Amino acid sequence: MVVAVFDSGFGGLSLLYEAMKKLEGCDFIYFADNENAPYGTKSIDEIKALSIDAVDFLASKADIIVIACNTATSAAVSDLREKFSIPIIGMEPAVNLGKDADGDILVIATPATIKGAKLNELLKKSNLNNKTHLLPMPKLVEFAQNMEFNSPNVKEYIKNQISKFNSKNISLLVLGCTHFNYFKDSFIDLMPNSKIVDGVDGTIRQIKRKIDELNSKGKNLDTKLLYYSSKKQKDINLITPFLSRLDKMAKI
């Protein structure tokens, strides 16, 4: 069973990191469209075209494709499922986890995800519009792509954005972009009383269900991983610093 994980850049590694631990016997392909990152500030039509191009490249190489990008899921997943026969699993902000939140909910994401119909549908379905605040944080994607996780510029940017809200009233922070998982330590410092969630675990559960549905059991004892950057196969060691950062974030 080969699972291809696609993102606009290195954010989707946060899903790959957990998937490699929890999906035994699977091989993985990670596709980062770094030449076209970030997606979050592009138009819907641009995001659709780039997503179709990426999935077209991966379709012959995998059994399941995971769109580990909230922005691409919001803009393109319906079109992708219509165009391709391969199972495609999208990723969404975990706003449904806010049903039991005592206080307000803050969703941080890219501008495209914030403006997209998908997020608004999720909030309406969960009846959470009245207690949810939406905050675009596009610069975090750029910081993550450049492996700038702890610089003064990063900390100042996050502080300035989060300070637009009274953090004491926020009981749940939803990371609506996979790139944002690299900055959990900064969010915890600024919002120590808020629970922080993302869509990774929910997406992995969907992958597991699809694997079971396909009646496929992984038999590989050693997981294989290939890394592509905008269709060009690259040295897997290039993503090691990102995985190391995610390992650190998982332990806090």
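For all residues, glycine too, the Cβ spot is worked out from N, Cα and C.
A C-beta separation below 8 Å, combined with a sequence spacing of at least six in one chain, links Asp7 (substrate binding site) to Leu13, Leu15, Phe31, Ala32, Asp33, Ile67, Ala68, Cys69, Ala72, Thr178. What TrEMBL lists as substrate binding site is Asp7, Ser8, Tyr39, Gly40, Asn70, Thr71, Thr178, His179.
Annotated active site, proton donor/acceptor per TrEMBL: Cys69 (among others), in sequence order. Other Cβ atoms within 10 Å of the Cβ of Cys69 (active site, proton donor/acceptor) number 35 in total over all chains.
Around the Cβ of Cys177 (active site, proton donor/acceptor), a 10 Å sphere holds 33 further Cβ atoms from the protein chains shown. In this structure, Cys177 (active site, proton donor/acceptor) belongs to neither helix nor strand by DSSP; it is coil. Residues or ranges marked as active site, proton donor/acceptor by TrEMBL: Cys177 (among others).
Classification of Asp7 (substrate binding site) by DSSP places it within a strand. Within 8 A of the CB centroid of the substrate site residues Asp7, Ser8, Tyr39, Gly40, Asn70, Thr71, Thr178, His179, the other residues of that chain are Gly9, Gly11, Gly12, Ala37, Pro38, Cys69, Ala72, Thr110, Thr113, Val141, Cys177. Shown in sequence order, Ser8, Thr71, Ala109, Thr110, Pro111, Ala112, Thr113, Pro136, Pro138, Val141, Cys177 are the residues of the chain, 6+ apart in sequence, with a C-beta less than 8 angstroms from the C-beta of Gly40 (substrate binding site). The binding residues for substrate are recorded as Asp7, Ser8, Tyr39, Gly40, Asn70, Thr71, Thr178, His179; their greatest pairwise CA distance is 12 Å.
All chains included, 32 other C-beta atoms sit within 10 angstroms of the C-beta of Ser8 (substrate binding site).
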